[in-house]
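Trainee: Questions regarding the structure given below will be posed in turn.
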């Protein structure tokens, strides 16, 4: 042994062999662990857990085992339940209005739109760069409703809220009906509904907002929504033609949405704005019917019925849509060349000659036009005519098959061959040319119940079809002008707005509609007058006092609620 080795051995401390020695562990720098597939998978799992843990640390805290993870989940769910009520008391239901187009108030986009339930404004998205998120941070308003999915969120935190207290908002946004509810709509309710201001109202008999000059459209919309089979069609929850997979047109969708709102018993305000429907009407009619300019309700009715029939898949065949099933009847028109014969009184008048050639046509119809007798020619000092009166039976005589009418060099006579379940009668009051528009002020006297069409139809319908009709809807015309003639370009019209009204052939017209609630003629029947937002109950005797322009009559054999198309 060398001297250096001896010196090192002498310097080593003595070892107590009686005490147990710890096992010798090699240095970490000298440990070599063979890498296997199992080791690599283990490392990946550890990395995944560490990554998930780092993402959830701010929410769930430190998680060290599966049991602790379940406990943290339960605690987090309870925390979220506690947070649910944090901002719900800030919701202002009086500010909510879902009648207008669902567009972001900043970007004007209709994608992913949320409604702030505090101020009622619409914003897009809920991410950190979205307008809804910015509105929440800047204005301190936190409760939002996603309009297409009907989900509630708290922003800027971004968590979803589900609370029973929010169900009334969904009922206003998207009302839904069951078949038992729909079947009761034709009867008077036992008690009224109440809005947020505790004002009572009857569902269906509420005001429609007049945006500027759309009252002529409002009365037609109200009328169609109160025809039971048409109303039930658009309210039915299982109507396949209204489902997204059937791809209904925008006009059909907007009409159905308005129908559900008008008959909603859970409204926050007892009025509805038809803005979305009328906007679509303006687009579909290529600007013919606008909310900014007065129009003819009869023209609008004809266009709307035919457009709905087409959009619902209707064809020229009978009963091919709910429109034809409800309103279509058949008419026979006989035409003959003009011939003048002397009658028994010695005067000459055109008459039908059965020996002459006659052409016959049997066109269908959706409504019948009734002609009024000419008004008196002479006026008094205040330009008020002596108002004549006629009975409904006298102007219905046009369709008795014997009364003739002159059309140029032809004579025509009309006869009904098939009565529709709901009969629309149009009283022709206006004659218009390039210079004047004359309004016939003749009052039509009609009963509210029991108009028998027996004398105007051939052949008579077989049982159980009836020929007796009861009045359901009446639309009168009202004007602030007492004159029956509107002069275009009159020198007295110095106001530019007045000139435009005269040029349009209308002198401050007002349209309202009388609607029947219930039926039977007794205590179970009431009548309401609706003019824009004004709704009044009226006595039965007041219904026929106005200048009637349009009526819808219901056939008696349709059942107690009028919804059964026989």
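Cβ atoms here come from the backbone N, Cα and C positions, even for glycine.
Automatic prediction, not curation, is the source of TrEMBL annotations.
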Trainee: To which of the residue ranges 38-57, 58-77 does TrEMBL assign the term region 'Disordered'?
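Mentor: Per TrEMBL, the stretch marked region 'Disordered' is 58-77.
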Trainee: According to TrEMBL, which listed range is region 'Disordered': 458-481, 482-505, 506-529?
Mentor: 482-505
Trainee: Counting by DSSP, what is the helix, strand and coil composition of the domain 'UBP-type' (83-180)?
Mentor: 29 helix, 18 strand, 51 coil
